[in-house]
Amino acid sequence: MNEREKVENHHATHPHSDATQINHPMTHDADLEKGEFSGSHGSSGSTTPQASHTASAAAAAGHNDKDKEKDLDSSSASSQTDDDIGFAPISTRSQSQPHQPRPMSRQSHNSATLSHISRSRSNNGFGVDDLEDEAEKENDADEEAAAREGAGETVDEEKRFEVSWEGGDSDPLNPRSLATWRKWIIIAVLSAGSFAVTHASAIYTATYTQMNAEFHCSRIVATLGLSFFVLGIALGPFWSPLAEFYGRRPIYICSFAVFLIWLIPSAVAKNIQTMVIARFFQGLAGSAFLSVSGGTVGDLFTRDKFQLPMAIFALSPFIGPSTGPLVGGLINTFTSWRWTHYFLIICAGVLLVCVVVLVPETYHPVLLKRKAANLRKTTGDNRWHAPIERTTKSVASTVGNSLLRPFQLLLLEPMCLILDIYTAVLLGVLYLFFGAFPLVFRTNYGFNLWQVGLTFMGLGVSMVLGCSITPLWTRVRNGLAEKRFKKTGIMKGEPEDQLPPVIVGAPLITGGLFMFGFSTYPWVHWIVPIIGSSIFGLG
């Protein structure tokens, strides 16, 4: 039964109490909240004639005593408004005139809510602090909603003024829109830089005979120059995060300039200690081309045209060690060992000029940052920004994470650990050949220094052959992805798709090493161990 029906029943059973109810609305309202009408209603609010008559008589008998209580209640409630009570007092308005609720502001609504909470909790022992907490929670909810609306506007504005490529890869500022010949010139310069670094690592092995005699050191100590160079290369990943902040071009120029500078102490060294230290910093500086250049290939070519340039770039670091002993052998056969380093200085100087002149910045986030700066300058609107400008990463933390992440992968990813061990063994065996070839071919077959250098050509030819079949493995990977698409309906490559070349190459590596190891005898033709090393290089 609703409140209006309760009031009408009360009027029917108490015809003489209208004036009292009108004059003292708070008393009637308090009764309504309790579900009673001065003792005339039960818990359900219904009445009977007998109960109504008895209640009326009792009310008339005690009228004088109750008037005092009503006056007190009325005086205590007279300061409350209609909104505070929660509903309007009973009026004599006819049913034909419906009550028109007045509009309630947010402040009035909060006040009414607070009053309603006050009345509902007063009987349960809640204090003023509880009321303030409730009101504060509601205000916080309103402020949170307003903040969400403002945040939505801020996000929309940031997206609207975030700089991106107009037309995707066809944007004139996008490196992928460069002419094909220009892209290949950039790839050629970067591949030559990677080749020069690894070439410098191996050409040093041809200087052992003359250098050891001048420095009065053993061959094992002289080998430290090769080992420290490779150690410097191993620390190369710290260049990659720097490229994220400053771009790839500054890294190429600075690192290769440092590489050129540290070649000078090697050329003029007076002792083996100077040589070893200089070699370490050569490897550290030159490693930028090995760790950063691969990203440039991705900057220039889309995924469907990415395979061939990446294969050529990946081949250059492996060709360098194969040609180093040959060039070094020719130099050390006909002139001083110091000319080995003079030759490297000349090559590094030429390549540095080529990098400065021919290699532009290709890192997309940095180019977008420049585009945003140009828009701010031309339009005068400082809201234009590039995504990289919203980053909160520091250079130190980024470099630290890049150095820490390889060790995390080694410890937490067993598959990554296995593949790294596999690659490390292959690279270690490759550099062991620099000590084994002179021993085998000079001792067993009487080759001179430059002829020993020629024996490394078997490795170089096999690596070029392995690079030439890269398109075959690409088709194999695509076939695996299409086969998976037919089963799952999802066209996606998986890491396991990269394993087929490894599966084929692993037996070739083992077979080539056995062939080389068991054919290094004077009565076996010298071509047999070279063929064995070629099979290893192909694997």
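Heads up, the Cβ atoms here are built off N, Cα and C, so glycines get one too.
Per TrEMBL, the feature compositional bias 'Basic and acidic residues' maps to 1-17 (among others).
According to TrEMBL, the feature compositional bias 'Basic and acidic residues' maps to 26-36 (among others).
Residues annotated as compositional bias 'Low complexity' in TrEMBL: 38-61.
The compositional bias 'Basic and acidic residues' annotation in TrEMBL covers 63-73 (among others).
Here TrEMBL flags 91-125 as compositional bias 'Polar residues'.
Here TrEMBL flags 129-144 as compositional bias 'Acidic residues'.
The compositional bias 'Basic and acidic residues' feature in TrEMBL is assigned to 145-163 (among others).
In the predicted model, the domain 'Major facilitator superfamily (MFS) profile' (186-539) shows an average pLDDT of 87. Annotation comment: TrEMBL describes 186-539 as domain 'Major facilitator superfamily (MFS) profile'.
Look at TrEMBL and you will find 1-168 tagged as region 'Disordered'.
TrEMBL lists 184-208 (among others) with the feature transmembrane segment.
The transmembrane segment feature in TrEMBL is assigned to 220-239 (among others). Under 8 Å from some Cβ of the transmembrane segment (220-239) lie the Cβ atoms of residues 197, 200-202, 204-205, 208, 211-212, 251, 255, 272, 275-277, 279-288, 290-292, 399, 402-403, 406, 431, 434-435, all in the same chain and six or more residues away from its ends.
Non-local neighbours of the transmembrane segment (251-268) in the same chain are 190, 193, 197, 200, 239, 242-243, 274-275, 277-279, 281-282, 285-289, 292-293, 338, 341-342, 344-345, 348-349, 351-352, 355-356, 359; each lies 6+ residues outside the stretch with a CB under 8 Å from one of its CB atoms. According to TrEMBL, the transmembrane segment annotation covers 251-268 (among others).
Long-range contacts of the transmembrane segment (280-301) within the same chain, counting only residues at least 6 positions beyond its ends with a Cβ under 8 Å from a Cβ of the stretch, are 175-176, 178, 183, 186-187, 190-191, 193-194, 196-198, 200-201, 228-237, 239-240, 243, 248, 251-252, 255-256, 258-259, 262-263, 266, 309-310, 313-314, 317, 359, 362-364. For 280-301 (among others), the entry in TrEMBL reads transmembrane segment.
Residues 183-184, 187, 190-192, 194-206, 290, 293-294, 297, 300-301, 343, 430-431, 434, 437, 450, 452-454, 456-457, 459-460, 463-464, 467, 470-471, 537 of the same chain sit 6 or more residues outside the transmembrane segment (308-327) yet have a Cβ under 8 Å from a Cβ within it. Per TrEMBL, transmembrane segment is recorded for 308-327 (among others).
The annotation transmembrane segment is assigned in TrEMBL to 339-360 (among others).
Residues or ranges marked as transmembrane segment by TrEMBL: 415-437 (among others).
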State the residues, same chain only, that lie 6 or more residues beyond the ends of the transmembrane segment (415-437) and have a CB under 8 A from a CB inside it; answer 'none' if no residue qualifies. 202, 205, 223, 226, 230, 318, 321, 325, 409, 452, 455-456, 459, 495, 502, 509, 513, 533, 536
